[in-house]
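Worksheet: the structure to be examined is printed underneath.
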Amino acid sequence: MARIGSFLILLSLTYALTLCICDNASNFGGNKRNLFPDFYRSSCPRAEEIVRSVVAKAFERETRMAASLMRLHFHDCFVQGCDGSLLLDTSGSIVTEKNSNPNSRSARGFEVVDEIKAALENECPNTVSCADALTLAARDSSVLTGGPSWTVPLGRRDSATASRAKPNKDLPEPDNLFDTIFLRFSNEGLNLTDLVALSGSHTIGFSRCTSFRQRLYNQSGSGSPDTTLEKSYAAILRQRCPRSGGDQNLSELDINSAGRFDNSYFKNLIENMGLLNSDQVLFSSNEQSRELVKKYAEDQEEFFEQFAESMIKMGKISPLTGSSGEIRKKCRKINNS
């Protein structure tokens with residue numbers, strides 16, 4: 001309990017020192033103007049405190065959970081907006097997004113979201129959306145791992161729909177080329193700077209062998225390994241990821257500091273030690289993104305500032321606000337189902 005208490009004290013101090021980072025960039029769809037940090041000031045004043053507490057306890061149990069929660073937020077926002085659709089299980093007319101290719105056997109942390117929602121419902125029934133809870137959990141996950149904090153605009157509502165097909169076409173894949181990744185970010189109203197900064201979240205977490213095997217043995221269907229991959233790093237990866245079998249074997253996205261949110265990810269790209277093809281192409285395939293990688297590798301503070309701004313911007317993708325959507329009582333199912 002003492003360690004959990006120290007996490008919460010650290011988080012509280014961090015938020016007290018955090019400047020409000022505002023983002024006026026345009027996102028496609030939704031009414032993001034109805035999102036503002038004090039949305040729950042009267043209706044649920046302890047909402048952020050409750051989310052912080054549950055996330056801190058989950059992080060205490062398993063530090064990997066921070067990366068998992070951040071990934072859930074990203075995968076939610078890129079598919080019909082930040083509306084909690086990813087959290088829905090299959091039920092009635094709902095076909096879950098959890099079984100789509102980008103999420104199947106890799107998206108995790110749903111139990112923690114359930115814990116957060118239960119605590120919020122106990123404090124303020126029918127008030128705080130699952131979409132907002134997940135957005136706050138992503139911010140808290142950054143702070144717990146040593147990353148930046150930011151003021152989260154709130155007021156999202158939850159969707160009553162989900163799409164198993166949309167994640168397959170809207171989310172970037174680990175083996176995508178640069179142009180495909182950039183297009184998918186652009187489709188969500190995010191620019192090149194957002195792409196590079198948000199990719200920096202891969203400074204924490206892990207990826208499955210099945211997501212990077214092609215770089216070791218069959219890059220772009222050539223039957224040969226990716227010759228740009230740093231040789232000693234490639235040898236380490238081959239020990240963890242055989243040519244066949246071991247699909248679920250894990251490797252750190254940032255081999256130098258997998259549990260600490262820092263700018264090591266960008267330094268790795270410069271050394272040709274990006275785990276995923278979708279990581280390494282940020283340095284190898286586009287001059288503008290290469291310069292951003294270099295800048296963030298040299299200046300962690302600048303990376304942190306841009307990451308916070310880009311997370312705010314991503315969190316404003318096509319939100320449901322006002323009377324649209326609903327406030328789910330349980331994040332896994334729509335109300336009255």
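Here the Cβ of each residue, glycine as well, is placed from N, Cα and C on the backbone.
Remember, predicted model here, so these are calculated numbers, not experimental data.
With ASP254, SER257, ASP262 listed by Swiss-Prot as binding Ca(2+) 2, the candidate from THR203, THR210, THR227, THR228 annotated for that site turns out to be THR203. Between CYS331 and the candidates CYS82, CYS124, CYS130, Swiss-Prot records the disulphide pairing with CYS130. Reviewing CYS22, CYS44, CYS209, the cysteine that Swiss-Prot connects to CYS124 via a disulfide bond turns out to be CYS44. Candidate binding-site residues: GLY81, PRO172. Fewest other C-beta atoms within 10 angstroms, PRO172. Rounded to a whole value, the Cα-Cα separation of GLY81 (Ca(2+) 1 binding site) and ASN249 (N-linked glycosylation site) is 31 Å. If you measure from the Cα atom of ASN249 (N-linked glycosylation site) to that of ASP83 (Ca(2+) 1 binding site), you get 31 Å. Candidate recorded positions: PRO172, HIS202, ASN218. Nearest to ASN191 (N-linked glycosylation site) by Cα distance: PRO172.
Comparing Cα positions, ASN218 (N-linked glycosylation site) lies closest to PRO172 out of the binding-site residues ASP76, SER85, PRO172, HIS202.
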